[in-house]
Amino acid sequence: MQYEVDRNRSSNGEPSISEMTGKAINILKRNTNGFFLMVEGGRIDHAHHDSKGAFALEETLAFEEAISTALEMTDKRDTLIIVTADHSHVFSIGGYSNRGNDILGLVDPFDAEPSLDGMPYTTLSYGNGPGTNFTAGRQNLSDIDTRSFDYIQQSAVPLKYETHSGEDVPIFASGPVSYLIRGVQEQHYVAHVMQYAACVGDYTNDCDRQIETVQTCAAFHISYKRSILLISFLIYSIVS
């Protein structure tokens with residue numbers, strides 16, 4: 001599918017990820033036994049691999065709208081929503097820019113931490129990727145439109161495509177047993193929480209329990225005799 005900024009928004013065009021999320025929920029909620037839905041913001045990853053930060057940020061905003069749609073269309077008393085990623089990217093935010101300085105622009109003021117080569121630099125850059133390589137001599141960005149969606153951020157190591165990175169990624173949750181999503185966890189733990197919430201897999205015979213969870217400062221007693229709806233959002237890459 002096209003990037004959000006390139007998407008044909010006419011009636012004959014492509015739906016947004018938010019619209020697809022809403023449509024999926026409308027169809028799946030007809031099942032009174034509950035449902036599982038995974039929504040993936042996969043084009044965030046594509047943009048990062050091409051070192052196109054502007055595209056990656058716009059795709060992240062589109063993904064945020066999809067999450068908002070899911071929250072609006074479901075009830076947190078019976079719907080567990082999990083938002084996480086499978087990896088991050090070597091995407092960094094640097095410099096001492098003034099508050100309000102364009103995130104896609106050059107670092108301002110330059111004299112706060114001037115570059116050793118005397119040339120301006122962007123707030124956003126990549127550790128590796130297809131962008132102009134530092135070791136080969138940086139491109140002078142004085143007359144370059146770094147806000148363009150076609151601009152490729154500079155990178156430290158020249159590669160055909162930018163790579164994933166290895167740091168931990170955040171995970172957020174709301175709804176039944178969302179209190180189990182906290183701190184640092186191994187990846188497989190997330191799947192166990194989802195099974196536990198929905199009484200499936202290893203917890204198929206454990207649906208008569210009652211738990212107490214706190215949502216918006218109110219306590220709800222949830223009987224797991226009623227089915228739990230699960231929506232899992234997978235961000236294929238996040239800005240980190």
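Here the Cβ of each residue, glycine as well, is placed from N, Cα and C on the backbone.
Unlike curated entries, TrEMBL annotations are predicted automatically.
Feature annotations, reproduced from TrEMBL:
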- GLU40: Mg(2+) binding site (BINDING)
- ASP45, HIS49, ASP86, HIS87, HIS164: Zn(2+) binding site (BINDING)
Cα-Cα distance linking GLU40 (Mg(2+) binding site) and HIS164 (Zn(2+) binding site), given in Å to the nearest integer: 17
Surrounding CB atoms that lie within 10 Å of the CB of ASP45 (Zn(2+) binding site), all protein chains: 22
Spatial separation of the residue listed as 'Mg(2+) binding site' from HIS49 (Zn(2+) binding site) - C-alpha basis, Å: 16
Whole-number Å value for how far ASP86 (Zn(2+) binding site) lies from GLU40 (Mg(2+) binding site) (Cα to Cα): 10
Cβ atoms near HIS164 (Zn(2+) binding site) (within 10 Å, other residues, all chains): 14
